[in-house]
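Quick look at what Swiss-Prot annotates:
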type	residues	note
SIGNAL	1-31	signal peptide
TRANSMEM	43-63	transmembrane segment
TRANSMEM	74-94	transmembrane segment
TRANSMEM	96-116	transmembrane segment
TRANSMEM	134-154	transmembrane segment
TRANSMEM	158-178	transmembrane segment
TRANSMEM	222-242	transmembrane segment
TRANSMEM	261-278	transmembrane segment
TRANSMEM	291-311	transmembrane segment
TRANSMEM	313-333	transmembrane segment
TRANSMEM	355-375	transmembrane segment
Amino acid sequence: MQLEPAHLVYAAFWTFGLVNNVLYVVILTAAVDLVGPQTPKAVVLLADVLPSFLIKLAAPFFIHKIPYNRRITLLVGLSTVGMMSVSLASPLFLKLVGVVLASFSSGLGEVTFLQLTHFYDTRALNGWSSGTGGAGLVGSGLFMLLTTVLGVSVKTSLLVFAFFPLAFLGVYFYLLPPRDYNRVPGAFPVHSNDPETGIETQPITWEFVASGYETTMVRLKPLVMPYMLPLFLVYFSEYTINQGVAPTLLFPMEELPFSKFRDVYVTYGTLYQLGVFISRSSAPFVRIRRIMIPSVLQFANLVFCIAQSMSPILPNVWLVFILIFYEGLLGGAAYVNTFLLITEQADLAEREFALGSVGMSDSAGIVLAGLVSLWLEPGLCNYQVNDGRGWCTLE
């Protein structure tokens, strides 16, 4: 039985989203294992997101000059080598180098695949969004299954994920249907001397980048308020919760369904990703057009979680589990609805540029969250220790 091209498009972009984000999720889920309870988990967050943010920040100025097939090959190399380093290296520095390589791959992948959706109908974007949500569930869930349930070592568990990026090659070159290059007039002129992209090939020089700076900034300006600001706020809020507050949302061991405190953190990550997966997959059924609403609700969630850490309001971990799941629902809903609105509202000539550029705002929010969490997590932990609740210092 042969699948229809529309189904192949959805399956291909679902796989792209899954594989591109799964390593990012696993690294954050394993943060407590990589750096231990005494080091702020935001160290891993910054190494995991800052390179990705820099790629997204620079991409609008040059990324259209690199053919898609070369980008895919680069993604596989960076992510595979990165995860090998994370899983096999002993010094923390080398582990963080591996995290940085995987982060570069993740950022390049997000820009690449979001731009690639421009050549297909909305099934591509729906598949990508659902796949990125699935990455969270697969990454955190499989890591929790291997380490917490089955007792597999962290090293071996991380090594398993090093082989995931190979799927990019098979899906892009053999599963994804050919795309339509009948493009509308846009900022990137259509020429025929590059058969893979239809874009004129020329060297990427400093003069080329500088000459396009002002034009690019003008094109970014109308994207800020309706799309980039809400996405920035929701990501800042949820990643501050995940890396700066969640490690301190603990209860006495006898009240927990675990034997180690690190299992609480891993479970929080899995529940968050479950919420993200559900909401990112909900776009065909539920649409949110006022995307500032989930962003503001997420910020309120952050304030509540900080209050919970300082003076417990919720009496047990089960209610905190629900709170973290709700956090994931808000974040996933904001993400998928933002990019769907772009496909509906942006001019066709600007759509590919907008899809590839708005993603820098979520990374900016995560970077700021990491910087805040470097101070926030130790501050909350010290407050709890002085209050007689020193569980955040234990494994």
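Glycine is treated like the rest: Cβ placed from N, Cα and C.
Distant neighbours of the transmembrane segment (291-311): 227, 229-231, 233-234, 236-238, 240-241, 245-246, 248-249, 320, 323, 326-327, 330-331, 333-334, 337-338, 341, 376, 380, 383-384; these residues of the same chain sit at least 6 beyond its ends, with a Cβ under 8 Å from one of its Cβ atoms. Across the candidate stretches 43-63, 96-116, 158-178, 261-278, 355-375, the maximum count of CB pairs under 8 A to the transmembrane segment (222-242) is reached by 355-375. Of the two recorded stretches, the transmembrane segment (261-278) lies close to the transmembrane segment (313-333), with three or more CB pairs under 8 Å once pairs fewer than 6 apart in sequence are set aside. The largest share of C-beta pairs under 8 angstroms with the transmembrane segment (43-63) comes from 96-116, of the ranges 74-94, 96-116, 134-154, 313-333.
Here the transmembrane segment (74-94) lies next to the transmembrane segment (158-178) in space: the count of CB pairs under 8 Å, restricted to residues six or more apart, reaches at least 3.
Nonlocal intrachain contacts for the transmembrane segment (134-154), taken as residues 6+ away from its ends with a CB within less than 8 angstroms of a stretch CB, comprise 14, 17-26, 29-30, 33, 160-161, 258, 263, 266-267, 269-270, 272-274, 276-277, 281, 328.
The list of residues near the transmembrane segment (96-116) in space but at least 6 beyond its ends in sequence, with Cβ under 8 angstroms from a Cβ of it, reads 13, 16-17, 20-21, 23-24, 27, 43-44, 47-56, 59, 63, 68, 71-72, 74-75, 78-79, 81-87, 89, 124-125, 128, 165, 179, 339, 352, 355-356, 359, 363.
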